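Everything on this sheet refers to the single structure shown next.
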């Protein structure tokens, strides 16, 4: 018989070593011996729930171990001593550890400092896990209580069953007594009067009366039952029961998803982490999956309760289930709070190739259905809002006097509190999930997408044109490239990088070997090519091409020429690319200038501004940082949002897109314009006073100290890559490059602007001595300003220096260019105009001049983005358009305006003055006019390819006509939806018309073979629509084939081939609404525009967001996290809207598709279906 307990001594020694190095609390304590009550000083170390003590701090082996789980720790009074030792005892502080199990004596300890004693008590109390034990006891008590209730219910059920049996016996006994009494009564009658010769007419009358009484009784009860069936109460109960049935189905699917997450990912990864060569650590597994296993157990219990309620249908009582579920939903708070960190850890682990290979193996499991781990980790984030919507629908069909009404309202309010936090986390992690999805599509992988600060901006299909010497295109190659085969590229724009990929036949992406990953800090955008280049792509492609000049530090420079499918698409790409470049360079430029002008760095300046990261009454921040390393806004007042929009220190492109998409929800365009005008006129109000004081605190000291040290690093610091201020008269007319870009990279490069060179008032020319030496790719004539290619961006000549008009370089530090001048020069980015002429030397060092130039650039930057990407705002609002024009004209009148700012202002004015888009896009009205021609085509004469292409063309025309403001405010669900969202209603009507046309065409055939051939042809059309990325057309056709009038035609479907049925099942699975269109969403992630998605999916998402979270908090702050989620959806919709199809319009096909005389209504279709195949007799 075993008399002792064995333990692993090596494991204990390892834990003691960890406790001594990384323990929660370590230090010397006095321990009271149990034998002689003496105090001995020992070195104690606390690690998790184990307390070690050593003879001293250098001891390698512990002298003892205590397990603290279940113990209690509290302060203890000092023992009573004589007066001589009383003073010594007052300096000691005692505390007592009482263990929870029997037979263990309390442990008495003491310290010399009171605060140290309090820290030990608190640390040991936390290590005892007493709170968890108490919570476990509470849960066990609830469980025992529920078990008792179940047992009581069973006993009651048995009693009722016994009573029913007794009642049945009693009924049978009473029946027997009645029969006996009737027989006795018959015998007791002295005589029986029976009229044998009763009149036959009287008998007939009695029969009729009996029949009428029975008929009237049955009719009365039938009316009562029918009235109840048609009553609002019965209708509400039916809807309520249906909601519960749908809730059970959704809960079943959710539990299945959690089961896959735990059994296909969590548990296998735990086993892999315990292997000899683990691809992942246990800590990382816990960080990725968090408490998802506990969530699965919780919902399995909840699911069992729901199924038990369904077993007792139609008596559905749900309030007690939610009462049990609500206290346990606190486990979601941990999952929500750490969800973003979970995805970040997963992104970091994917950099390990062994883990990435193992994860792909798990994801290939058939149970995963092609979904990635990130998808399963996101499912719990949507479950609480789903409960809220279900409760909202239940309450809508629950009478106010219903017994569950108050309980359901309480559950809904509690879930909404948790949902507000979850909506913020979903918005914050959307970018990480998007980056991981794109990274998974690239075969070679892309490590830059695992950077969580990288924000996705847009994606699309562009054509890359080959470039040869002097940027000219080969005419021989243009003909083949026009076929969009060799040059087609899938492009992805992020805040810091631009990816250029090719797509294989299997749908996977491959990065280009050269120029596949472009760092935007090294890029210069040129929107328009040189007009003097006779062979330029501009004249061949109608000014649809643009260039990216890439000048990396460690390799020769090269140019990437891209061709957009339309001018609208080109404007969207160039605007976003320019915005990203501007943000990177503006941030670096402000950093360089601020640090040059003050000892306070920009990060410290931003950190010292508590208004950017500390919550206040008018703003609340998220833990997530944006691309500018500033916390994202969760809630804020309109004033604080406008302040962030015009803060000159940084501007996040995600914030700008979100603001411009959703500003009409919480403010008006006039308020935004007033703010921009105010910033332009009063630029100092755009930076907090404290930051300005830090910025200019040492300005005068820097000037006075310039004479003391000629070799000071501060004086010799070079400003990287300045733009030239002038070019000679030999240069051609100015090119239309991106005017507002602050083309000054922040990295140090050879040949930057030398601040030790003086800047005269008359002008600045280029240096010939530095140009050839600094640029290996420059030509011998490149040192002359006049030979610089006008096609290059103003920031391109990194090798140029500024010199005096005379041409001699003057290295006099006493008249060095101040940082203010450097900022003005770099901000100007002017390459083709005359240099700014300052009236006096002090003007170059004027601190106000720096802020004014930055404010002007910020106003122009916002306006350019607004005008180029949201032009419909100005088309619909003439007053807004005039206010922008007035502000821009006022900017042009500024005498201090730099040449580049003047050209940028002129470009915005030019864009505003264009009444119509230059791109001629086909409209649905034009097609309807063409459809009036008398010639008609029949369905049999049209090929499946023609039908699919023209359906796709029509669907995209209708889809792209929807303005983005229609998606705000759920206007499509209001009573006046036709007036509020007419284009969405037109899209819905077009969908129904096309679906009705398909069904009507099939039902026009009288014989079975013709109907079967027609169905097979429509399925082929749907498959071609899928190949064309027209998933709206796929759903139009499949929904028509699933109508009851067609679906019931069994003889017709029996003639359909197996291949066609399998193809139809595949199409239906792709566009199925199951799991919030999960298959369609995965397909769209791997799809490149042009594409026509199903609009109803996005409308469901927007309704989901609108229902779950209000626009404003109770304090009246704007819920900007909600605005960010809405903006992400609108951006995805607009991305598909802006890329047109290259399909030629065929009037004969669209005439047939838009002919409404061919369409039958639902009743006519069903009647015709009954005539074709009558119902079988029962």
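Cβ from N, Cα, C; glycine included.
TrEMBL assigns the feature coiled coil to one of the listed ranges (109-146, 147-184, 185-222), namely 147-184. Check TrEMBL against the ranges 701-738, 815-852, 853-890 and you find region 'Disordered' recorded for 701-738. Among the ranges 541-593, 594-646, 647-699, 753-805, the one that TrEMBL lists as region 'Disordered' is 753-805.
Packing against the coiled coil (147-184) from elsewhere in the chain is no residue: none 6 or more residues past its ends has a CB under 8 Å from a CB in it.
Here the domain 'PH' (22-129) is broken down by DSSP into helix, strand and coil counts: 23 helix, 42 strand, 43 coil. Taken as a whole, the domain 'N-terminal Ras-GEF' (629-743) shows an average pLDDT of 62 in this prediction.
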